[in-house]
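> Just dropping this structure here.
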Amino acid sequence: MAGSDRLPIRYTLQDYPNQPTPQPQPQPIKRHHTARYYAHRVRESLTNRVIKILCTIFLSLLLFVGIVLFILWLSLRPHRPRFHIVDFIVPGLSQPSGFENAQITFNVTDRNSNPHIGIYYDSMVGSVFYKDQQIGSAPLMDPFYQEPKTTTIVYSTFSAATLTVNSNRWKEFMDARQQGTVIFRLEITSVIRFKVTTWDSKHHKMHVNCDVAVGPDGTILPTWKNKKCPVYFS
(Lines of atoms letter the chains of each structure in order from A and count residues from 1; the text may use other names and numbers.)
(Lines give C-alpha, C1' and ligand atoms only; values in the text may rest on other atoms or scores of the structure.)
Protein backbone atom coordinates (compact mmCIF):
# COMPACT_ATOMS: atom_id res chain seq x y z
CA MET A 1 0.00 0.00 0.00
CA ALA A 2 1.54 3.26 -1.21
CA GLY A 3 0.08 5.44 1.57
CA SER A 4 1.77 3.58 4.43
CA ASP A 5 5.30 4.56 3.25
CA ARG A 6 4.82 8.31 4.06
CA LEU A 7 6.49 9.81 7.12
CA PRO A 8 4.34 11.86 9.52
CA ILE A 9 4.80 15.63 9.26
CA ARG A 10 5.16 17.74 12.47
CA TYR A 11 4.90 21.48 12.56
CA THR A 12 6.71 23.78 15.06
CA LEU A 13 6.34 27.46 16.02
CA GLN A 14 9.24 28.32 13.73
CA ASP A 15 7.13 27.20 10.80
CA TYR A 16 4.32 29.58 11.86
CA PRO A 17 5.92 32.59 13.49
CA ASN A 18 2.77 34.70 13.44
CA GLN A 19 0.70 32.31 15.55
CA PRO A 20 0.04 33.57 19.16
CA THR A 21 1.62 31.67 22.06
CA PRO A 22 -1.02 30.03 24.24
CA GLN A 23 -1.08 31.56 27.77
CA PRO A 24 -1.85 29.51 30.92
CA GLN A 25 -5.27 30.22 32.30
CA PRO A 26 -5.32 31.64 35.88
CA GLN A 27 -6.84 29.32 38.42
CA PRO A 28 -9.57 30.81 40.60
CA ILE A 29 -8.62 31.32 44.33
CA LYS A 30 -10.50 28.99 46.50
CA ARG A 31 -11.71 30.77 49.68
CA HIS A 32 -12.31 28.38 52.53
CA HIS A 33 -13.41 31.17 54.94
CA THR A 34 -15.18 34.45 54.63
CA ALA A 35 -13.65 37.91 55.15
CA ARG A 36 -15.58 38.22 58.41
CA TYR A 37 -13.83 35.11 59.67
CA TYR A 38 -10.37 36.54 58.96
CA ALA A 39 -11.27 39.85 60.62
CA HIS A 40 -12.34 37.94 63.73
CA ARG A 41 -9.05 36.05 63.71
CA VAL A 42 -7.08 39.31 63.54
CA ARG A 43 -9.04 40.80 66.46
CA GLU A 44 -8.54 37.60 68.44
CA SER A 45 -4.79 37.66 67.79
CA LEU A 46 -4.52 41.30 68.95
CA THR A 47 -6.52 40.47 72.09
CA ASN A 48 -4.21 37.57 72.92
CA ARG A 49 -1.16 39.77 72.47
CA VAL A 50 -2.58 42.45 74.78
CA ILE A 51 -3.45 39.82 77.39
CA LYS A 52 0.05 38.35 77.20
CA ILE A 53 1.63 41.80 77.62
CA LEU A 54 -0.59 42.61 80.60
CA CYS A 55 0.19 39.23 82.19
CA THR A 56 3.92 39.78 81.68
CA ILE A 57 3.73 43.23 83.28
CA PHE A 58 1.69 41.90 86.22
CA LEU A 59 4.04 38.97 86.85
CA SER A 60 7.08 41.26 86.62
CA LEU A 61 5.56 43.64 89.19
CA LEU A 62 4.63 40.71 91.41
CA LEU A 63 8.19 39.36 91.23
CA PHE A 64 9.65 42.79 92.02
CA VAL A 65 7.36 43.29 95.02
CA GLY A 66 8.17 39.78 96.24
CA ILE A 67 11.92 40.45 96.07
CA VAL A 68 11.51 43.76 97.94
CA LEU A 69 9.39 42.12 100.65
CA PHE A 70 11.89 39.27 100.98
CA ILE A 71 14.78 41.72 101.43
CA LEU A 72 12.77 43.66 104.03
CA TRP A 73 11.92 40.42 105.81
CA LEU A 74 15.59 39.43 105.95
CA SER A 75 16.63 42.84 107.29
CA LEU A 76 13.78 43.17 109.81
CA ARG A 77 13.43 39.53 110.89
CA PRO A 78 14.20 39.41 114.63
CA HIS A 79 17.19 37.35 115.69
CA ARG A 80 17.16 35.84 119.13
CA PRO A 81 19.64 37.29 121.65
CA ARG A 82 23.00 35.58 122.10
CA PHE A 83 24.11 34.61 125.59
CA HIS A 84 27.61 33.53 126.63
CA ILE A 85 28.67 32.36 130.08
CA VAL A 86 31.66 34.47 131.13
CA ASP A 87 32.17 33.57 134.77
CA PHE A 88 30.73 31.19 137.35
CA ILE A 89 32.15 30.82 140.87
CA VAL A 90 31.23 28.70 143.88
CA PRO A 91 33.68 30.16 146.45
CA GLY A 92 33.01 27.73 149.30
CA LEU A 93 33.42 24.59 147.20
CA SER A 94 36.88 24.00 148.66
CA GLN A 95 35.43 23.92 152.20
CA PRO A 96 33.87 20.67 153.49
CA SER A 97 31.19 22.64 155.39
CA GLY A 98 30.83 25.40 152.83
CA PHE A 99 27.08 24.85 152.50
CA GLU A 100 26.61 26.92 155.67
CA ASN A 101 27.64 30.03 153.77
CA ALA A 102 27.01 28.70 150.25
CA GLN A 103 27.26 31.28 147.50
CA ILE A 104 27.20 31.24 143.70
CA THR A 105 28.25 34.20 141.56
CA PHE A 106 27.88 34.30 137.78
CA ASN A 107 28.40 36.66 134.89
CA VAL A 108 26.68 36.30 131.49
CA THR A 109 26.78 38.51 128.38
CA ASP A 110 23.54 39.23 126.52
CA ARG A 111 24.11 40.37 122.94
CA ASN A 112 21.40 41.91 120.73
CA SER A 113 22.83 41.32 117.26
CA ASN A 114 19.86 42.84 115.39
CA PRO A 115 20.94 45.95 113.45
CA HIS A 116 17.51 47.64 113.48
CA ILE A 117 15.52 45.87 116.21
CA GLY A 118 15.56 46.64 119.93
CA ILE A 119 14.47 44.28 122.70
CA TYR A 120 12.34 45.03 125.75
CA TYR A 121 13.05 42.81 128.76
CA ASP A 122 9.93 42.95 130.90
CA SER A 123 11.29 40.44 133.42
CA MET A 124 14.34 38.27 134.01
CA VAL A 125 14.75 35.44 136.52
CA GLY A 126 17.81 33.27 137.07
CA SER A 127 17.87 29.71 138.43
CA VAL A 128 20.74 27.33 139.21
CA PHE A 129 20.37 23.55 138.83
CA TYR A 130 22.49 20.62 139.87
CA LYS A 131 21.61 17.24 138.35
CA ASP A 132 18.34 18.79 137.11
CA GLN A 133 17.39 19.75 140.67
CA GLN A 134 16.90 23.46 141.30
CA ILE A 135 19.13 24.71 144.10
CA GLY A 136 18.41 28.44 143.82
CA SER A 137 16.33 31.06 142.03
CA ALA A 138 16.00 34.86 142.17
CA PRO A 139 15.09 37.89 139.99
CA LEU A 140 18.11 39.18 138.12
CA MET A 141 17.42 42.61 136.63
CA ASP A 142 14.73 45.25 136.55
CA PRO A 143 12.86 45.72 133.24
CA PHE A 144 15.09 47.39 130.65
CA TYR A 145 15.36 48.15 126.94
CA GLN A 146 18.31 46.89 124.92
CA GLU A 147 19.35 48.95 121.91
CA PRO A 148 20.23 47.25 118.60
CA LYS A 149 23.81 45.97 118.26
CA THR A 150 24.56 46.29 121.98
CA THR A 151 25.68 43.94 124.75
CA THR A 152 24.30 43.82 128.29
CA ILE A 153 26.09 42.22 131.24
CA VAL A 154 23.82 40.01 133.34
CA TYR A 155 25.31 39.18 136.72
CA SER A 156 24.10 38.20 140.14
CA THR A 157 25.02 36.37 143.34
CA PHE A 158 22.95 33.61 144.87
CA SER A 159 23.53 33.70 148.62
CA ALA A 160 22.54 31.24 151.29
CA ALA A 161 19.18 33.00 151.52
CA THR A 162 18.34 32.15 147.89
CA LEU A 163 20.01 28.72 147.75
CA THR A 164 18.49 25.46 148.98
CA VAL A 165 21.72 23.58 149.65
CA ASN A 166 21.83 21.21 152.63
CA SER A 167 24.62 18.99 153.92
CA ASN A 168 23.61 16.05 151.74
CA ARG A 169 23.62 18.16 148.58
CA TRP A 170 26.95 19.69 149.56
CA LYS A 171 28.36 16.18 149.98
CA GLU A 172 27.34 15.48 146.38
CA PHE A 173 29.31 18.58 145.37
CA MET A 174 32.31 17.25 147.29
CA ASP A 175 32.09 13.84 145.64
CA ALA A 176 32.02 15.43 142.20
CA ARG A 177 34.85 17.75 143.20
CA GLN A 178 37.03 14.72 143.92
CA GLN A 179 36.58 13.80 140.23
CA GLY A 180 37.86 17.26 139.31
CA THR A 181 34.63 18.72 137.88
CA VAL A 182 31.29 19.87 139.26
CA ILE A 183 28.71 20.65 136.57
CA PHE A 184 25.87 23.12 137.13
CA ARG A 185 23.21 24.56 134.86
CA LEU A 186 22.24 28.21 134.88
CA GLU A 187 18.82 28.95 133.42
CA ILE A 188 17.65 32.48 132.64
CA THR A 189 13.97 32.99 131.91
CA SER A 190 12.78 36.28 130.43
CA VAL A 191 9.65 37.81 128.96
CA ILE A 192 10.71 39.95 125.99
CA ARG A 193 9.27 42.04 123.18
CA PHE A 194 10.91 43.06 119.92
CA LYS A 195 10.73 46.71 118.87
CA VAL A 196 10.86 47.63 115.14
CA THR A 197 10.75 51.44 114.77
CA THR A 198 7.39 52.29 116.41
CA TRP A 199 5.98 48.74 116.34
CA ASP A 200 6.26 46.34 119.30
CA SER A 201 5.85 42.60 118.94
CA LYS A 202 3.80 40.40 121.22
CA HIS A 203 5.37 38.99 124.39
CA HIS A 204 7.70 36.00 124.05
CA LYS A 205 8.90 33.82 126.90
CA MET A 206 12.60 33.14 126.38
CA HIS A 207 14.69 30.44 128.03
CA VAL A 208 18.50 30.45 128.21
CA ASN A 209 20.31 27.30 129.37
CA CYS A 210 23.99 27.60 130.25
CA ASP A 211 25.76 24.41 131.26
CA VAL A 212 28.93 25.26 133.16
CA ALA A 213 31.61 23.28 134.97
CA VAL A 214 33.80 24.43 137.85
CA GLY A 215 37.05 22.92 139.11
CA PRO A 216 38.08 21.89 142.63
CA ASP A 217 38.68 25.53 143.58
CA GLY A 218 35.09 26.46 142.63
CA THR A 219 35.97 28.62 139.60
CA ILE A 220 34.81 28.06 136.02
CA LEU A 221 37.04 25.77 133.97
CA PRO A 222 38.79 27.50 131.03
CA THR A 223 37.14 25.24 128.43
CA TRP A 224 33.70 26.39 129.59
CA LYS A 225 34.50 30.10 129.69
CA ASN A 226 32.70 32.21 127.04
CA LYS A 227 30.68 29.20 125.94
CA LYS A 228 27.51 30.01 124.00
CA CYS A 229 24.24 29.21 125.77
CA PRO A 230 21.30 27.70 123.81
CA VAL A 231 18.23 29.96 123.58
CA TYR A 232 14.66 28.87 122.84
CA PHE A 233 11.14 30.28 123.15
CA SER A 234 8.00 28.78 124.65
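Cβ from N, Cα, C; glycine included.
Please treat TrEMBL annotations as automatic predictions, because they have not gone through curation.
The annotation transmembrane segment is assigned in TrEMBL to 50-74. TrEMBL lists 111-211 with the feature domain 'Late embryogenesis abundant protein LEA-2 subgroup'.
Would you situate these features in the structure and describe their surroundings?
Outside the transmembrane segment (50-74) by six or more residues, the chain places nothing with a CB less than 8 A from a CB of the stretch.
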> Run through the domain 'Late embryogenesis abundant protein LEA-2 subgroup' (111-211) and tell me, per DSSP, how many residues are helix, strand and coil.
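The composition, in the requested order, is 12 helix, 61 strand, 28 coil.
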> Taking only the residues in the domain 'Late embryogenesis abundant protein LEA-2 subgroup' (111-211), give me the average pLDDT of this model.
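Over the domain 'Late embryogenesis abundant protein LEA-2 subgroup' (111-211), the predicted model scores a mean pLDDT of 92.
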